[in-house]
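These features come from TrEMBL:
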SIGNAL    1-20  signal peptide
DOMAIN    32-337  domain 'Plant heme peroxidase family profile'
DISULFID  C42-C126  disulfide bond
ACT_SITE  H76  active site, proton acceptor
BINDING   D77, V80, G82, D84, S86, E100  Ca(2+) 1 binding site
DISULFID  C78-C83  disulfide bond
DISULFID  C132-C333  disulfide bond
BINDING   H206  heme b binding site
DISULFID  C213-C239  disulfide bond
COMPBIAS  236-246  compositional bias 'Low complexity'
Amino acid sequence: MAANKLVVFVLLALLGSSNGDGYTSPGSIAGGLTVGHYKGTCDRAEEIVRDAVKNAIRGGRGDRGVGAGLIRLFFHDCFVQGCDASVLLDPTPARAAAPEKAGIPNLSLRGFQVIDAAKAALEGECPGVVSCADVVAFAGRDAAYLLSGNKVYFDMPAGRYDGRVSLASETLPNLPPPFAGVDRLKQMFAAKGLDTDDMVTLSGAHSIGVAHCSSFSDRLPPNASDMDPELAASLQQQCSSSSSNGGASGDNTVAQDVETPDKLDNKYYRNVVSHRVLFKSDAALLASPETRSLVSSYAESQRQWEEKFAAAMVKMGGVGVKTAADGEIRRQCRFVN
């Protein structure tokens, strides 16, 4: 508990302003978001979302992979059209253009059913109050908390509205690809108001979840890469085997973090240093002095990375926020009202 409080305190110090009595208040961030936004209108909003996430990860048929999916869902939502739940919209006959879900980078997204369950419970308790965009943000925060062994905890400001625009054509230009070099990564994050520090910090989410072999096949033999030879040989065997984890596509999946695949921690950065990462975009973090220094620092200090990750998640949550003027509170997260 003490560690959790320290994380929150450091986060508020990074984001807020002093209230004059020695403590720091987060106040509002981009888009007028505030901590405790639903107090008085839907007091149990965050608790309801947390219960849905907890049930998905720890329930009778719990799946920690869904937790990893929820963090990724938050990221993919915020990077296209801003944090407005546009990634949740389903195709409909009324929409000529395919939605973000149909974009190539989003075909493997997970966690939609958790968002649906949380939203249904919220509509039952306080209809028309809590946005789907805030549900996605809360769920990403709660998944990080549970997958980190209750170490990464932070207050998530809320007050987002749901967007009405969702285009598959906007996914590839906005979502950093697994083959991106360090300069392209910096540019794509900067376009969202996120700096290099945020980019390296948020990359730590690659310490959980799985990746399709097609996303890093260019780093496996006979192709040349800086990947640890032992890992490359193991991955090549896993990717070429006839396995059910490839699904109908035959594109096998493997754990992104070979050391602690089900835990959100700083082992990812140690893997970067030892060249035991999958994506070119992971390996690229050693390509510049600035990113290499951050990787080394996080590899040595779990606490530092936890605190910085919490702050970066909140900062990302302020990207492209919709208001009542250009958004709505959806009744169902998969469809506009």
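Cβ coordinates are placed from backbone N, Cα and C, and glycine is handled just like the others.
Mapped onto this structure are the features recorded in TrEMBL.
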residue	record	contacts (Cβ under 8 Å, 6+ apart)
C42	disulfide bond	L122, E125, C126, V129, V130
H76	active site, proton acceptor	V87, E100, P105, N106, L109, T171, L175
D77	Ca(2+) 1 binding site	C83, D84, A85, S86, V87, L88, A133, V136
C78	disulfide bond	K192, M316, G317, V319, G320
C132	disulfide bond	A85, L88, I115, K119, D162, R330, C333
H206	heme b binding site	Q256, D257, Y268, V277, L278, F279, D282
C239	disulfide bond	C213, S217, L220, N252, V254
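For the recorded positions listed here (V80, C126, C213, C333), the lowest count of other CB atoms within 10 A around the CB belongs to C126.
Sequence-distant contacts of G82 (Ca(2+) 1 binding site), defined as residues of its own chain at least six apart whose C-beta falls under 8 angstroms from its C-beta, comprise G163, V319, G320, V321, K322. Taking the mean position of the Cβ atoms of D77, V80, G82, D84, S86, E100 as the Ca(2+) 1 site, the remaining same-chain residues with a Cβ inside 8 Å of that point are H76, C78, F79, Q81, C83, A85, V87, G163, S166, G320. In this view, D84 (Ca(2+) 1 binding site) is surrounded by 30 other Cβ atoms within 10 Å of its Cβ, with every protein chain counted. Look at the recorded positions C83, S86, E100 and count other Cβ atoms within 10 Å of each Cβ; E100 has the fewest.
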